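Reviewing the structure listed below.
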Amino acid sequence: MTEEIEVSDFVMMNDITEQSMMELLKKRFENDKIYTLIRDVVVSVNPYKKLDIYSEKYIDRYRGKNIYELPPHIYSVADTAFLNLRDLGQDQCIIISGESGAGKTEASKLIMEYIAAVSGDSLEVDKVKSKLLESNPVLEAFGNAKTTRNDNSSRFGKYMDLQFDFLGNPIGGMITTYLLEKSRVVNPAKDERTFHIFYHLLGGADKALLDKLHLTSNFTDYEYLKKSNCSTVPGLNDKTQFDAILNALDCIGFKQDQKDTLFKCISAILHVGNIKYKKNENNDENVIIENPEVCKTIAELLDVKCEDLMNALTYRTVIDKNKSSNQKNIKVPLNLAKALSCQDTLAKTLYEKLFSWLVNVINENIFHTKDDGSHRSVIGVLDIYGFEIFQVNGFEQFTINYCNEKLQQLFIELTLKSEQEEYNNEGIQWENIDFFNNQIICDLIESKTNSIIALLNEECIRPGEKSDMTFLNKLNSSIIKNPHYDSREKTRNIKEIDINMFKIKHYAGDVVYTVDGFIEKNNDLLYNDISFVLNSSKNPHLPIMFPQNLENISLKSPETISTQFKNSMNQLIKNLTAKNPHYIRCIKPNNDKKSGVFDDELCLHQCRYLGLLENIRVRRAGYCFRKEFSKFVERFKLICEDTWPNWKGDPQEGVRRILKEANIQEEDYCFGKTKVFIKKPQIVFQLENIRNEQENKIATIIRANWLAYIYKKKYQKEINSIIGIQSMIRSKFEAQKYKKTIENIVKIQKYCRGFLIRKHMKREYLKLPKYCCRMIIKQWKGYKVRKMLNDMCECSKKASNWTSVQWPDEKYANDKNLKEPYEIFKQVYKRINAKKYRKSLTPDRKDYLEWKCTAMNTFSGKAGWKESATTQYEDDGLKIADTQSAKWKKICSDGSKIIQSFECTKFHRKNLKKEVPRKFVITENDLYLVDNSLGLKDKLPYSSINEIGCSTKKDGCIIFHTSNSKGDLMIRTDKNCIEVVSKICITSKNKGKEIKVNVSDSQNFNNTKKTIPIEFTNSDKPKLVVTGNNNKLIINVPN
């Protein structure tokens, strides 16, 4: 490798010149190495493209590593700060500086993302991390804007303290902002934009919100936005950004009324820009508002009275300081110029106050206030404007450059301090280093007397007419002798300094300032009338932004902007001094925001005002390289045979042997207490070259051994494969050989068996003709079967019908050879004739047979079944329909057909010992019980019959178990019991209900009052007798 690419630290350059510094910076930039060190300071060049060096892989790579162990990276600065905080308990700060477009904002976000990734992990910690990270897009939306140099330029300075507990877990944060560029709200430069939030709101909010805020999505409808003739940014989607802002506000913890206040104030500022004035016809010194409807909208958004707002925009109230005067307040009308100035001041001040309130609300949500007694530490991240030199430099550039002078002074002091502390700790003699001390410039700007700020404030507060030229004359009379101050009056032959200008020779270069606007911008006062109106708002947040009212008004002059900024800078310097600092210097490679383009002149200019060369010289003074003994031995141990591969002795002795082996002279290095110091970078490069040579030799040996190992493994694998293939081939050949042998053996066996069997059969045939036996047996069996079949045919012909055939059972039923076919033939004969018989039956005959079959299935166990089976069943035995049709039709009104009728006796329900003669009629739908004169006594639908009970005796009793209100019914018919019950079951089944028949000698009878058990027994009595009582009845049935 060449020296330029190899060097990653400016301190290690051979020549400390601007040319060598720029060559190294440019060379690394062209190789996408955007980070370079000045010891522990990181110089970052904006690549204007995405580089794959910020993934989780890189975060893991730099986690816990020393800043010099790996190539320079912003992660190494963040990791060093985090480890110092966690392990040593020291407060840290990271100072990021550079001009607009150099990448300061991105650098601060990368630092916060890295710290969030490497710190603790829990539900509460993740919630804190989310709040801290989500504060960035909110502050960017309200504090960043598109400029000609940068599409996302921070127009304010930001210092953020990240709070950590003793374990290194983030627990909160605090944000401090500096000098918001509020003039951008009303007067953005050409081809630039005001703050992002205005465009995100108009281009990203839904119609409902815009209507609520009285806004449209057209940017040209608003005077403040169309002034610069620029409303869009390539690659920036307002809808996406606005959604991200809403999500971030929710994540931080903003309430709905707070979000409403934000958007209402932003909307009010846009409407303020649309206010138009015209001169009063009656008084030229007075103006009136031409479009009062706009004021009405503003008043509605800010929740103030429209009349008060219009008066505040056209009049001002002068407070009479004479206590003896009766009139305290004097209303003075505003002319057109003052009214326009008041209008712009309202918009600027409202936005400034809104921004400060926004930061305070964020701090309320992220600041950790709980005091649990444990140790807390902070990491401060400062993202602040870089040094600015424009064609026209005003009050803003003056304050920004003053800030950079203070930071440069702190940077030099802390750098020299750290160098001196390291030398003292290591016991190395400290040599004084000559460097430019910019304290004289800081005094010129900020000292209490005869400084630029002091004289500016003096001019602002003095009575009478104030002017910028009067202020310039004071400068020329008071500080003209200061070597770092210049003006036209001091040096009349310098044409670049006009009559209204002065020059300050800053550490970074000479800057010519125009005094126009210094007085106005330093005062930047809002008329009390507007403050009072906004303080009276019903919105609870606006009085917090504007606390001044008539009751608490102070006649004392408020602090000027320069004084406020000076005090905040002194507080910032005090804060940074109390912490361990880390630096990131950001450089913009070109003004066109193009990747791969390195503008030498522009970069040199930035390196000068960042003081990089001076910092390199301070770091380089004395010894350019230093490293701990153990780490030096670890890196360069392969140079010396004594220390390779592992040195177990004293680390300092190991360093001494390595340097001796490398032929380094003793005057070129020095030993401290824990570190070795080397004067010249050439010696370090010499050590690196020797190390590289040894690495190449060792790498060659390792490579040779590794290749030998690889090829040996490969050879063994190939040999094993060959052996495996050979084994498979041999096994296949052997298997085929074995298979062929088996086939031959089987074939031989087959021939042998065939020969033996043929020989045996021939011998047997010679003895007896036994081969005829099976054929004779088969023929004989066939003959016997045919004879049996003929005999059965003759028997069937002799029978009168197919059911009375007299089969020859005595001849064939017991024959073991013919028994089975004999039975089969009988079954076949019966089935064929049964099928013929079934086909010949009429429907009535089928119904009758079904009646008989039902009787058989139900009453096969009842006495008297055999007589019933041979008896012809009768349908309508009483012929009621024919003989007494008129009476019957009155009883059976539905005209259903009579299926069966018979004489019976009915048992009295309350006294079963009594019987009365009755007639029983079965129809298609119901059962009827009538007397002899055909009077209706009882009617039973089939649906009401649950069960029918009968005994096994010859009693003829039938018990109907019903759901009727009268209870059960019991009748007796001596001859018709079986056929009656069977008929009732068939008819009910046809109606869709199956009635269960219980044939048992133990029955029950329910007369609605109680259930009476009934027992049927045989007796010698000539007729049926009922005995017993109401608890149990016994029916004695004659044998």
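Each residue, glycine too, has its Cβ placed from N, Cα and C.
Predicted, not measured: the structure shown is a model, and the values here were computed from it.
Sequence annotations record features per position, and here TrEMBL assigns domain 'Myosin motor' to 5-692.
Sequence-distant contacts of Thr105 (ATP binding site), defined by Cβ-Cβ distance under 8 angstroms and a gap of at least six in the same chain, are Glu140, Asn144, Asn152, Ser154, Asp383. Annotation source TrEMBL lists ATP binding site at Gly98, Glu99, Ser100, Gly101, Ala102, Gly103, Lys104, Thr105.
Outside the region 'Actin-binding' (569-591) by six or more residues, the chain places 25, 29, 40-48, 74, 77, 80-81, 84, 90-104, 107, 148-149, 159, 176, 178, 378, 380, 382, 386, 402-403, 406-407, 410-411, 414, 597-599, 602-603, 606-607, 610, 612 with a CB less than 8 A from a CB of the stretch. The feature region 'Actin-binding' is assigned by TrEMBL to 569-591.
The domain 'TH1' annotation in TrEMBL covers 862-1039.
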Averaged pLDDT score, the domain 'TH1' (862-1039):
86
Gly103 (ATP binding site), number of other Cβ atoms within 10 Å:
22
Other than Gly98, Glu99, Ser100, Gly101, Ala102, Gly103, Lys104, Thr105, which residues of the chain come within 8 Å of the ATP site, judged by Cβ distance to the Cβ centroid of those residues?
Asn46, Asn150, Ser153, Ser154, Gly386, Cys586, Lys588
